[in-house]
Amino acid sequence: MYAPVRTLSWSVGLAVVLVGVMIASAALGPVRIDPTVVAMAILNAIVVPTGVVFDGSVTIPGLEWGLPVPGLEYASVFKFAVPDTHQTIVGDIRLPRIALAAVVGFALAAAGTVMQGFFRNPLADPSIIGVSSGAAAGAVAAIAFPTLVPFASLHLSAFVGALGAAFLVYAIATEGGRTPVATLLLAGVAIQAFLGAMISYMLVHSGDDLRQAVLWMMGRLNYSTWSDVGFALPVSLLGVTVLCAYTRELNVLLLGEEDAHHLGVNVERTKILLLALASVVTAAGVAVAGVIGFVGLVVPHIMRLIVGPDHRILLPTSALAGASFLVATDTIARAGPAEVPVGIVTAALGAPFFLFLLTRKEVHSV
Amino acid sequence: MIGTDAPRATDETTDDESTTIDIEDVSLSFGDHDVLEDVSIGVESGEFVGLVGPNGAGKTTLLRAISGALEPDTGRIAINGTDVHEVGSRTSSRLVAVVPQDTSLSFSFPVRDVVAMGRHPHRSRFSTPDQHDREAVDDALERTRTTDLAERPIDEVSGGQRQRVVLARAIAQETPALLLDEPTASLDINHQIETLELVRELLADGQAVVAAIHDLTLAARYCDRLALLADGGVHSVGSPAAVLSTDALSTAFDATATVTTNPVTGTETVTALPNESLETDVLSSVESDSSQSAGQSTRQVSGRPSNPRVHVLGSGTTAAGALARLETATVDPAADDEDDDRECGDDDRGDGNGEDAVSESAALEVSVGPVARGSVAADLADQFATDSVIVNPFTALSSEHRERIDDWLRAADVVVLADADGGSRDGPGAFLERLETADSFVPEHTVVVTDRSSVADRAVGDGGSGWRYDQCREQGYEATVETVFEAVGASLEDRVGSDRLE
């Protein structure tokens with residue numbers, strides 16, 4: 001029986017685990033730092049806005065004067081005594097990467113949960129309607145042919161590519177105001193194949209940029225900055241929050257669309273909303289971190305085995321578990337024997353763990 | 001159509017106290033294929049209407065139109081005065097609940113959660129279940145006797161239990177109208193009855209129930225009214241007794257079926273029979289033959305050659321079974337001679353009502369008697385308009401009746417002695433003994449129908465059956481109810497053969 005208390009306790013528990021994993025991760029690396037120092041350094045890194053300043057301006061064609069752009073002034077909340085080197089290592093080098101891993105894991109696992117429920121298909125993952133392929137195409141184009149891409153940043157190019165692919169799949173699969181799930185699935189497969197061909201073509205002609213492009217596609221969290229977090233965090237938090245308000249609909253949709261309609265769900269509108277939000281959340285994660293596979297597929301399954309199929313508890317717990325999972329795997333990718341793209345680690349560790357769970361407990365189809 | 005979100009008419013109900021599902025002139029087509037044409041049915045509060053009809057008649061489509069899942073091309077469907085297609089799914093799901101034929105429940109939600117999904121239309125997005133929600137779920141679980149299953153995962157309960165859970169979900173929805181699509185299709189007989197008894201209990205609360213039901217006998221037993229759908233339209237609406245007639249079933253289902261009153265439930269029981277037909281050459285030969293030798297036949301359809309005549313002598317279920325088999329066997333149209341065939345067809349169209357479909361195509365002219373009033377055989381004779389002598393039980397046969405039976409026996413090409421206990425003192429054998437015309441009666445031209453189980457048991461000649469009956473058993477054909485038509489055909493063929501030799 002669903003109880004809000006159960007959801008809350010699981011969520012709080014997993015949030016605590018996440019914080020623990022983040023602290024442990026920040027302590028590990030070429031320079032080992034004491035966890036208490038790490039905790040203090042992390043608290044030192046927390047800033048709150050204290051005021052608004054107008055320190056920049058943009059010029060708009062046709063206007064004679066520049067428009068002032070509001071910016072925020074920040075101040076640290078905590079001022080613990082932490083050695084400067086350690087504060088720099090934790091606050092400026094490790095923490096952005098750890099925070100980004102948490103955000104991306106959070107986003108991918110949440111989107112994967114929604115997609116699996118939406119498609120009533122255990123093989124569904126966040127990229128099932130072409131989001132990752134679109135992002136990869138956008139990113140590879142930006143890397144290999146920077147002159148042809150109108151977007152300045154790699155992230156933006158990947159983000160736009162991701163949403164473009166998702167929208168294309170949706171538009172192709174929709175006819176007369178209805179979007180049959182099976183058509184959506186197949187259109188997604190077709191678009192992914194097509195984009196795959198485009199990506200391969202671009203890779204073949206990418207010359208010296210090949211290595212960078214391939215590494216992006218493997219998914220990596222190196223070079224993470226606070227601005228990446230600043231982009232991905234609000235998008236995923238907002239998206240997942242709204243998705244959490246639709247978990248009851250997601251449950252009812254599991255009965256099939258016609259049953260859902262008979263139970264008062266506005267099926268087509270709910271489908272658009274779920275698809276759009278899941279795609280945006282996925283796109284935000286993929287754009288900043290590249291294609292990180294397996295998180296969105298396996299974490300929801302693992303959580304389903306543990307907490308059950310009810311999306312009201314499954315969605316928040318999957319998102320939080322996904323965050324911990326990606327932070328942990330990225331720590332291994334970063335601080336392990338040799339630095340590797342995190343996508344390799346997620347798959348290499350996630351698959352055996354998932355197989356272990358499979359043999360322990362029978363998996364129900366979604 | 002799913003997802004149309006028209007402006008909401010929140011909870012606007014008419015002043016009318018009694019729930020009514022109003023289906024007015026609804027037509028619906030899939031592409032070029034018209035599934036429903038001008039269907040109009042009204043369902044009152046507390047009424048259980050069964051949709052019956054052959055596969056593809058549009059039963060499920062009509063249910064989906066009532067539920068709002070399919071929008072009709074023309075016409076209107078209103079529940080409590082609210083057009084279900086004008087309002088959003090949230091409003092319509094407060095008016096009508098659906099128990100679908102199969103729900104995909106392959107995930108391990110606890111039964112209670114599945115039932116609680118029925119409360120979805122009544123809850124706002126961020127609310128937690130309130131007292132009333134919980135009560136409605138508990139009540140639904142209790143009524144469907146699924147309280148014990150409440151914490152079990154839905155994918156671990158049996159098919160019958162699952163059906164009750166889905167019904168509980170619909171009950172928890174607390175709607176004035178309830179639709180069920182084949183609620184008993186995959187259930188064993190016990191669960192079928194249990195489910196439909198439960199539905200009847202709901203009627204006391206004033207719900208209007210519409211169910212598509214394949215099983216005509218179950219439909220007749222539980223529904224207040226039946227709507228027989230055929231070829232996209234409503235063939236007839238009315239009480240089960242009025243709707244389920246042999247003719248209606250033959251028109252709607254293209255099936256040979258008999259309708260009898262079940263002695264236990266007192267409701268109609270429908271039995272479908274195989275379409276048996278007589279071989280061509282036998283029929284035509286006998287026709288010419290019988291018109292010569294059975295000249296004194298009192299009953300020739302004017303303008304048409306008479307078919308082989310068969311008299312069924314016997315009582316009880318064996319006679320009834322034999323009668324049904326013989327009356328429903330048909331002539332292959334090709335068997336008739338071509339002119340006659342065309343003439344027949346024209347007649348049919350001329351009549352325009354198609355009601356004589358059964359008698360028109362009957363291969364045999366059957367008569368039966370004496371049978372007791374109120375017996376199954378008498379019921380069937382009535383239904384098929386068979387020439388019959390029906391007598392009141394425990395009374396002696398009047399001389400007038402005796403003469404009629406004499407005539408029929410004399411005119412008959414084959415006499416079927418049908419009685420499970422044919423050798424008894426009151427059986428057809430004893431009847432034959434007392435018959436004045438029995439001397440002109442030819443034992444070779446009889447078919448003796450025995451109960452399947454008793455064929456081997458009873459030796460010839462024991463009991464008080466008399467020598468004529470024994471003679472029939474030795475010289476005539478022996479058959480069971482299932483094979484009686486075959487045996488009659490064989491006997492006729494024999495007769496044709498021997499007549500030709502002579």
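Placement of Cβ uses the backbone N, Cα and C atoms for every residue, glycine included.
Now, the feature entries from TrEMBL:
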- A:12-31: transmembrane segment (TRANSMEM)
- A:37-54: transmembrane segment (TRANSMEM)
- A:98-119: transmembrane segment (TRANSMEM)
- A:131-149: transmembrane segment (TRANSMEM)
- A:156-173: transmembrane segment (TRANSMEM)
- A:185-204: transmembrane segment (TRANSMEM)
- A:225-248: transmembrane segment (TRANSMEM)
- A:272-299: transmembrane segment (TRANSMEM)
- A:340-358: transmembrane segment (TRANSMEM)
Candidates A:156-173, A:185-204, A:225-248; stretch with most C-beta pairs under 8 Å toward the transmembrane segment (A:131-149):
A:156-173
Contact set of the transmembrane segment (A:37-54) with the rest of its chain, CB cutoff 8 A exclusive, min separation 6+ beyond the ends, reads 22-23, 26-27, 68-83, 86-87, 90-91, 95
Who are the long-range neighbours of the transmembrane segment (A:225-248) in its own chain, taking Cβ under 8 Å and residues 6 or more past its ends?
96, 99-100, 103-104, 106-107, 110, 114, 155, 270, 273-274, 277-278, 280-281, 284-285, 287-288, 310-312, 314-316, 319
Near the transmembrane segment (A:98-119) in space but 6 or more residues beyond its ends, with Cβ under 8 Å, are 18, 22, 25-26, 125-126, 128-129, 181, 184-185, 221, 224, 226, 228-229, 232-233, 235-236, 239-240, 243, 250-251, 253-254, 271, 274-275, 277-279, 281-282, 284-286, 288-289, 292, 295-297, 299-301, 303, 311, 314-315, 318-327, 330-331, 342, 366
Same-chain residue ranges lying at least 6 outside the transmembrane segment (A:272-299) that approach it to Cβ under 8 Å
100-101, 103-105, 107-112, 114-115, 118, 123-127, 129, 131-132, 134-136, 139, 155-156, 158-159, 162-163, 166, 170, 179, 184, 215-221, 224, 228, 231-232, 235-236, 239-240, 242-243, 246, 249-250, 318, 321-322, 325-326, 341-343, 346-347, 350-351, 353-354
